[in-house]
Every structure is written in C-alpha cells, then in structure tokens.
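What Swiss-Prot says about this one:
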type: DOMAIN; residues: 5-95; note: domain 'ATP-cone'
type: BINDING; residues: Lys9, Glu15, Gln16, Ile17, Asn18, Leu19, Asp20, Lys21, Thr55, Lys91; note: ATP binding site
type: BINDING; residues: Thr209, Asn437, Glu441, Glu623, Thr624, Ser625; note: GDP binding site
type: SITE; residues: Cys225; note: site 'Important for hydrogen atom transfer'
type: BINDING; residues: Asp232, Ser233, Leu234, Arg262, Arg269; note: dTTP binding site
type: ACT_SITE; residues: Asn437; note: active site, proton acceptor
type: ACT_SITE; residues: Glu441; note: active site, proton acceptor
type: SITE; residues: Cys462; note: site 'Important for hydrogen atom transfer'
type: SITE; residues: Tyr730; note: site 'Important for electron transfer'
type: SITE; residues: Tyr731; note: site 'Important for electron transfer'
type: SITE; residues: Cys749; note: site 'Interacts with thioredoxin/glutaredoxin'
type: SITE; residues: Cys754; note: site 'Interacts with thioredoxin/glutaredoxin'
Amino acid sequence: MNKSLMVTKRDGTQEQINLDKIHRVITWAAEGLDNVSVSQVELRSHIQFYEGIRTSDIHETIIKAAADLISKDSPDYQYLAARLAIFHLRKKAYGHFDPPRLYDHVKKLVRMEKYDQALLDDYTREEWDTMDGFIDHWRDMTFSYAAVKQLEGKYLVQNRVTGEIYESAQFLYLLVSASLFSKYPKETRLDYVKRFYDATSTFKISLPTPIMAGVRTPTRQFSSCVLIECDDSLDSINATASAIVKYVSQRAGIGINAGAIRALGSEIRGGEAFHTGCIPFYKYFQTAVKSCSQGGVRGGAATLYYPIWHLEAENLLVLKNNRGVEDNRVRHMDYGVQLNKLMYQRLIKGSEITLFSPSDVPGLYEAFFADQDKFEELYVKYEQDPTIRKRTVKAVEIFSLLMQERASTGRIYIQNVDHCNTHSPFDPQVAPVRQSNLCLEIALPTKPLQHINDENGEIALCTLSAFNLGKIENLDELEELADLAVRSLDALLDYQDYPVVAAKRSSLARRSLGIGVINYAYYLAKNGVRYSDGSANDLTHRTFEAIQYYLLKASMNLAKEQGACEYFNETTYAKGILPIDTYKKDLDSLTQEPLHYDWESLRKDIQEFGLRNSTLTALMPSETSSQISNATNGIEPPRGHVSIKASKDGILKQVVPEYENLMDNYELLWDIPSNDGYLHLVGIMQKFVDQAISANTNYDPKRFEDGKVPMKVLLKDLLTAYKYGLKTLYYQNTRDGAEDVQEDLDDGCAGGACKI
C-alpha cells in the first residue's frame, strides 16, 4: 500500500493518508466479534484507494469491504460493517463521533424546522436533561449492517435532496417516545418515555416506517393502512378517487372496495344509458393510485376487492395477467376476491355459481357481509327468478380460473368475508367488514363516501406495531409490552392529522390498532419446534393467547383511565363476546392446549369498563422493520440462512438470528414439504387475532409431476385455509429456480405502509 498517497479531508484540505488511523478504527469496530479479520477488511479496501480520495470515500470503501465479507461462516462482519457505518453516520450528522446533548440537539433541529416545535413547548429544559440520561448511545452498536442502511435510507431525519443527515438512531427512538407521551400527566410521562424508549431501542417493540420516519417532525401523518369503500354512483366513484389521491400522497397503502359497482350493460336512469361496467372505473382508480410518486421512488399501491359472484367476475379475474390488450387489463393494482361458505359449498358439491350485477339483486350485496343465512336465502331466490339478468358457471371452473390467476400473478388475494364477520370484534348488523387493506391483515368496517367531505362515509385507518418474539424470554413480559404498545399507538391517534373527515371521525371513534409479531421463525427455532410437523402448534396457541389477552387487558385498563372508545357499543366485545367464543372449532383437532389466562374476569371487566380500542391485533408483513431489529420477517419462514435484499440503498445481506447455534433448527421456506403445517399455525393464530393475518401460500413446482402444481393441490390449500378459519390469503409464492436468498425489498407495499 502506498503510504504517500494524498487524501482530501472533509474541509477540502489535503494530507498524507494515515493508515494507522484506519487500522485503529477497524480494530475498534472488530472488538468482541467472532471470526472477523481486520487485515482482510484493510486488504480489500486498500486496493480501492487512489490519489486525492476524499476521507468520506475512504470510510465508505472500508464499510463496503466489511459488508462484502458477510456470510454464513462469518456472520459477525454484519456488526463490524454496522459499527463502521454508525461511526461514519455520526461524523456526517455531528462532525464527530460523540452525539451532542439532547436538549442542544432538539433546539437546533427545531430551529432548522426539521423537528416539531411542540417538542420544546411540551417539555421543560430540566425534563430534556432527565431524558438525556435515559439514552444509551451504545445501543447503536447492536444494529446489523442491513439495519444501519435502512435507518439511513428510510428513517433518520434528513434532507432527501442533498443527502444531509441530522440525527442518529437513539435520538430517533427517544424523540418518538417523547412525542407520543407528551400529553400524559407530568408526574408519569417521563416514566412512560423511558420505558417505551427502552422497549423500542432494544427491539422488543417494532414500529412501522411512517412512525419511525415521521413522529418528531412537523408532518403528522402516520396512517399505515387506509380502507376506502366505493358505492355504485358517479359521485361516490369520484369521491373514492379523490380520497385515494390524498392518501397515496401521504405514503399510505390503499385497500379499495369496488364490489358494489354495477356490471357492464346495466341500465342507467331507467335505460336511457348503457353502463360501461367495472373495468373503466378500475382504470380510473389505478390512475389515482399511481398519480403521486412517494419521494420520487414509485407510485402508490392498492388492492381492489370484489365478490366472486359479480356478473363480470370472469373478466375481472384476468385483469392482472400478461395476456389481453390494454383495454381489458388493469395490471398495476392487486386484487382481493371475496368468497364465503356458500361459494365453497357449491365448489365441493360440484355444482354451479350464479353471477349477478349487485344493482339487479336488492339486499344481496349487503347480506354477503352482514348475514350469511339471509345471503343464501336471497341468492337462491334470485337464481330462480327468470326476470333477473344472470350468468351461470360451473363452480369448479370459476374457482380454477381464480387459482390459476393467483398462481400466475402471485397477487390475486383471497378474503373469506363470512369469517371476517363471524369471528370479528365488530357486530356485523351495525358495522360489517366489507373489505381488507393493501396487505390483507386489516378487517375494519367502512362506509362509502358520496362526496369527499361526506361525514357519513367511513374510511378506515389502522395504526400498526409489533412484538419481537425473539426478544421475549417469558410470556409474562408481554404484559408490560402490551401496555406500552397500546398506550403509544392510542396516543398517536390523537397526535396525528387527518386529511379526510370521513377518516378522522371513524379513527377517533373506533381507535382501531393492529399489533402483530416479527421474528416468529427465530422464535420457533429457539424453542426447537418446526412449521411443518405440528410441533409448534401448542407453543403458538400459548403465545397468541398471551398476546391477545394482555392487549385486551391493556386496552381495558386504558378505558378505565381515559374512557372507552366512542363506538365501543358497535363491537362484539361490548356484548361480552371474546375471540375464544367465536373461533372455528375445527382448530381443536390441531391443538389440545388449554387456555392459561383468566378470560372470564377479563370478560367482566370489559363489560364494566369497556375497551379504549375496537381492535388490537393484526399480523402484517414486516420486511423493513425486521431488518432494523435483525429479525425474521413477520410469521414467515426464511428463504435462506443469509438473505440478500435489494433496495435502493444497495444490496443488503442479513444472517438469521443466532445462526451458529440454531442453523439446524431453522426450517427454510423451500424445505417445507407442503402448506399444511403453516396454514394450521396461521389458523391457531387467527383463533386469537381479532383482525386478519397476511398469510402466504408457497409452491415449489419441482415437487410435482411434470414440474406443474396441480389445480387440486391449489384448491385443497384454499379449502384448508377456509376450514381453519383464515380470514385472508396474501401472496402466492412460486419457486422459480432463481437464487432463493435474493429478495426485492420494495415489493409494492407503499412506503412500507401496511407492513412494518
């Protein structure tokens, strides 16, 4: 290595390269790590140095050299690279390694208009000094490399045009806590700030992108998931498009229910016009969804819902595929096809399904969600009425078309609307669930808007976070974590702004939360159980019972303190009904695990004090926040022991937690022989989860004759999911023979919106 090389410092002056200094920094970063070599990193970076290189480029070269060495055999390079990256990041943010005092930092950033003025108005200087004592900046050193790159790319407050970064991670965690608990009484709030800071900065509670990036800044917009329902009128269609644009611009992911729109050829105004059908309006919604690109990265994303018995269903099912022409395809949205028991029964019996336009069959569309018996009665009555326009198809043909499109696009999703309403926290007579969201984990009531300022409409919003199961040693720890998670998200509802009245009204009256889990695959590996063989069933039952029990208890305690939510009377909880009463009894064949908590006294307390929140749980995908916490994604099995994720911040390698000790315990996605074990586990989770679960189905064609997945396997899995009470199915993944570890991080969930 040429020791006389000249380098350019941050202030523009030149000096001779100082190899000792570089050696000291790498040695510092390698301290306490196993199986990493300082000289390897030096060697790989030295060959890339050149005359006049900037010191910041030297730093980035060293970081990259360390990151390139991350592998199964030496996973600790992910921490060496991370420490070097943290060092670099702090130099960029503060000019030196040690962060400033908290109060000075906040004052400076409020003055620069990067932080919210409320931070200084709500807390005194003494309180800031106390909070400074809560911060442990060394926690930065527990991040993996992928986490630091995600923080830099998505979460830290920065100027996205110039690339300047203004803060480091521990300030982010503390200021999110301080913002959320700012309206709590002075006597208790610092205690909550400290405990929530500790829970989030040690990765026990995981927060979604909008909260991590936005809380503490002047922009108060953190809705993760937005559900918008459309009626069968031009005014409502326009109001829906307008609401979509407003929310897409705020980085939210959208669920659209367009199932009520009448079919092609229906009469308009008593026959003076001929209706153009659904497709032109779906195109209109697609244009609205793609109209705003978020931070110049990409357009928004939406999933659009309709019932399988819609007269146009055969044309709607193919909207996403690559055949056809522009006129009859709407490819840039995903679709959720709505099913219920009657449709499955027709399939099993080998009989027929009749397709109608919702406009021709009064009461049928409403009953599809609110009352299954009434739906069947009306459906059969309309089938026999010769005056009603209809089309009859073999059930197996339309189900096969549905599953064929799901297989070829991967993104035709399933919603079982009867399960969404019979095993629901909402009373379907007054607040039926008629759709889900972008990623299929939300099940909340909606009402169509007739115009954009319609106060009688209802746009559903859901606020998310998750427990990191890998960090939980004992299920009783969930009691405190549940209390913190519920209090923080509930406070967020009052802290944020709402761009559309129909969303504000319902969000504040229902106060729906969706708290999920990450790191489930590590949790199973750590406990020595597997997805595929039933060994995880009892553990999963115990775990999700504890989660739902402690969350309900936390929400009940908060209701005691701050009052029940305004629409509590629209929930089944108000009638004394709990998830343990309405679950699908077929699950009892999968696990005989008894209930371990005192549900009966909780039932009494809920009837006496109410709940602060209508819903508490939803199991969402979690690509981004899993990287921050160095966890496995949501409830999914990992594709490989090392995952390589491509994102706009480059290629990020991440090794599964505790790889050296647990490598044989992890069950990798494509080693799992069928979907049964996974679907059984999701069913057990759904027994307790009050909203829905982003559950995927996975197929490796090589396991089947001729390398093709047989239709009967696809249909069997669909029926298994229904049998065990699954409300929704999300992606269908087909193994394509490419390297399994490669995943694309931006897979359509807008701004990480409905994921966390």
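Every residue, even glycine, has its Cβ placed from backbone N, Cα and C.
Keep in mind the model is a prediction, meaning the values are calculated, not measured.
According to DSSP, Cys462 (site 'Important for hydrogen atom transfer') sits within a strand segment.
Of the listed binding-site residues, namely Gln16, Thr55, Thr209, Ser625, the sparsest CB environment within 10 A is found at Gln16.
Per DSSP, the secondary structure of the domain 'ATP-cone' (5-95) breaks down as 53 helix, 7 strand, 31 coil. The Cα of Asp20 (ATP binding site) lies closest to that of Ser625, out of the binding-site residues Thr209, Glu441, Ser625. Among the binding-site residues Asn18, Arg262, Arg269, Asn437, the ones whose Cα sits within 10 Å of the Cα of Cys225 (site 'Important for hydrogen atom transfer') are Asn437.
Closest to Gln16 (ATP binding site) in space, going by CA atoms and restricting to the recorded positions Asp232, Ser233, Leu234, Thr624, Tyr731, is Thr624. For Asp20 (ATP binding site), the number of other Cβ atoms no farther than 10 Å from its own Cβ, over all displayed protein chains, is 9.
When secondary structure is read from DSSP and collapsed to three states, Cys225 (site 'Important for hydrogen atom transfer') falls in the strand class. Cβ neighbour count for Lys9 (ATP binding site) (all protein chains, 10 Å cutoff from its Cβ): 11.
Secondary structure at Glu623 (GDP binding site), taken from DSSP and collapsed to helix, strand or coil, is helix. Within 8 A of the CB centroid of the dTTP site residues Asp232, Ser233, Leu234, Arg262, Arg269, the other residues of that chain are Ile261, Ile268, His275, Ser359. The distance from the Cα of Asn437 (GDP binding site) to the Cα of Asp232 (dTTP binding site) comes to 20 Å.
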